[in-house]
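Q: Below is one structure. I have some questions about it.
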Amino acid sequence: MTQDELKQAVARAAIDYVVDGEIIGVGTGSTANFFIDELAKIKDRIKGTVASSEATAARLRGHGIPVFDLNEVESMAVYIDGADEITNSGAMIKGGGAALTREKIVASVAKKFVCIADGSKLVDTLGKFPLPVEVIPMARACVMRQLAALGGEPRLRVKAGTQDAYITDNGGEIIDVVGLSITDPVALEEQINQIVGVIAVGLFAKAGANVCLLGTGEGVKTLTF
Ligand SMILES: O=C[C@H](O)[C@H](O)[C@H](O)COP(=O)(O)O
């Protein structure tokens, strides 16, 4: 199976976690996009969604799926999203698509986080994928110095084909930290959260996934944490 076929398989499997009549939190990225396309087929069963990015909101609306502002929503049964890396204990790196802050916010309201990922995302130790950190633009340089002191190599994410900083849906910039071996994800998440100027770090460890639907050549495996 191709990587896209594995992503489609987990997106289909995630429909079993959709709760009828409820609001569903929806992630961002290529795997989440497959999920949105599956969700469209059963859209009449749900009340609506909360989106973790402008891109996801546009895709949901394109399918005629209602998108609520998070401020109008008190509870959410489930949040369904991809990951860049996930461990056997449900800790994740996210933010390859720059949506980490809204993803973390929406996920924090949901009762359950269901991660959908192809098998290549499962790792023993997080950090081979560069760790995204969203920052307030004026704090970019001082945050980069503090991230370097943690042992990684911070790089400013730029818009493809330019030298200009990539700007997120929140007006922030993204620093990708290369070369970390994250043996204690909860501690590192707390440490980076303490740096003034950081909006959010793409480590989802303190509140990681509750379930991971992992696409493999032998079918979709369900990991629970
Ligand atoms: O910001 C983007 C998100 O965290 C994505 O969930 C993550 O990058 C995985 O994306 P994909 O499903 O495209 O591999």
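Backbone N, Cα and C define each Cβ position, glycine as well.
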Q: Based on TrEMBL, name the residue from K47, K121, K128 that is recorded for the same substrate site as T28, G29, S30, T31, D81, G82, A83, D84, K94, G95, G96, G97.
A: K121
Q: In whole Å, how far is K94 (substrate binding site) from E103 (active site, proton acceptor) when you measure between their Cα atoms?
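A: E103 (active site, proton acceptor) to K94 (substrate binding site), Cα-Cα distance: 9 Å.
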Q: Between T28, S30, which of the binding-site residues has the fewest other CB atoms within 10 angstroms in the structure shown?
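A: Result for the binding-site residues T28, S30: minimum number of other Cβ atoms within 10 Å at S30.
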Q: For K121 (substrate binding site), just count the other CB atoms lying within 10 A of its CB, please.
A: 22
